[in-house]
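Q: Checked Swiss-Prot, it gives:
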- 3-23: transmembrane segment (TRANSMEM)
- 76-96: transmembrane segment (TRANSMEM)
- 114-134: transmembrane segment (TRANSMEM)
- 160-210: domain 'DHHC' (DOMAIN)
- 190: active site, S-palmitoyl cysteine intermediate (ACT_SITE)
- 206-226: transmembrane segment (TRANSMEM)
- 236-256: transmembrane segment (TRANSMEM)
- 269-289: transmembrane segment (TRANSMEM)
């Protein structure tokens with residue numbers, strides 16, 4: 001009877017940690033325990049570790065930890081790539097060893113044995129394409145084409161030279177300090193791919209996210225059908241109601257069915273929960289990057305716009321204060337976060353994305369990059 005509550009507690013703690021890690025820096029959580037958990041996970045735990053190592057082992061050990069940090073965070077390395085391969089390989093191996101014996105089953109066709117292999121193979125192919133394809137490196141040879149392809153908007157992108165590459169930096173490009181190169185239509189540096197995500201490989205990255213979301217969802221659903229088939233074939237509900245006199249209702253059957261499943265099929269339950277959580281996280285990333293593609297925006301540009309809007313708001317507030325105007329504070333952070341109303345000063349701050357050409361053309365630009373079109377080649381010859 002205590003097992004379901006244990007699962008609820010485990011799920012609640014997991015959800016709190018995930019939400020704190022991903023969303024703890026949102027303004028809505030400022031000053032709350034969610035922000036404090038986020039700070040501990042992203043900075044605090046590491047700083048405490050450094051202090052502990054320094055106190056226990058001295059400067060040499062501390063410098064060693066800092067060297068490992070530099071290798072892992074400031075230079076290209078395959079650590080997360082290896083971790084990804086290990087996660088996929090170990091998870092699929094466990095599923096084959098523990099769950100393929102139930103395929104075919106009451107609700108699951110034997111075809112899924114082979115579909116799973118194809119699904120994992122396609123995921124691995126997308127991983128390789130994203131990891132090892134050129135993200136759109138800007139060089140002295142092609143910089144003129146990129147300068148023509150993306151105009152400067154004069155707000156978040158202004159004409160300037162890359163201080164490292166010593167070439168003009170096109171609009172939407174950024175110099176990646178990890179890869180040490182300028183990348184056109186820079187989105188972000190992805191440690192999982194050990195590669196930048198830019199103009200030429202955003203399509204592979206988005207396809208990778210969507211496909212892995214579908215794989216995890218598919219795996220969780222199939223495992224659920226396996227468990228449902230086992231309940232049906234073993235007549236668990238019938239035995240509980242007829243032989244043990246359990247009330248034939250959800251509230252009466254659930255604790256006993258859950259106990260039986262955890263006792264007999266705990267591996268399948270853990271795998272299904274794991275895949276469902278990963279699918280939920282990937283679904284969020286898919287939605288976010290789909291939104292970026294539809295609006296022809298990148299992660300880097302999103303941060304730039306946030307910084308610009310915050311700067312403009314600060315300027316407006318200073319002007320209002322200088323003019324003796326008093327702005328009423330919102331009643332709460334939650335209302336401020338979800339409210340659609342804006343103050344007079346806020347309405348003057350407009351995000352003017354000149355690269356947004358409509359959803360269809362935006363998606364075409366992602367999946368058929370400008371640098372792979374004939375017009376781009378003609379600019380080179382000109």
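Note: Cβ is positioned from N, Cα and C throughout, glycine not excepted.
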Q: What does DSSP give as the helix, strand and coil breakdown of the domain 'DHHC' (160-210)?
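A: Output for the domain 'DHHC' (160-210) reads 9 helix, 16 strand, 26 coil.
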Q: Would the transmembrane segment (76-96) count as touching the transmembrane segment (236-256), if touching means at least three Cβ pairs under 8 Å and pairs must be 6 or more apart in sequence?
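A: They do not touch: fewer than three Cβ pairs between the two stretches lie under 8 Å.
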Q: Cβ-Cβ under 8 Å from the residue listed as 'active site, S-palmitoyl cysteine intermediate', same chain, 6 or more residues apart: which ones?
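A: Long-range Cβ contacts: 130, 196, 197, 205.
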Q: Restricting to the same chain and to residues at least six past its boundaries, which positions have a Cβ under 8 Å from a Cβ of the transmembrane segment (114-134)?
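A: Beyond its ends, the transmembrane segment (114-134) has Cβ neighbours at 81, 84, 88, 92, 95, 190, 193-195, 197, 200-201, 204-205, 207-208, 211-212, 214-215, 218-219, 222.
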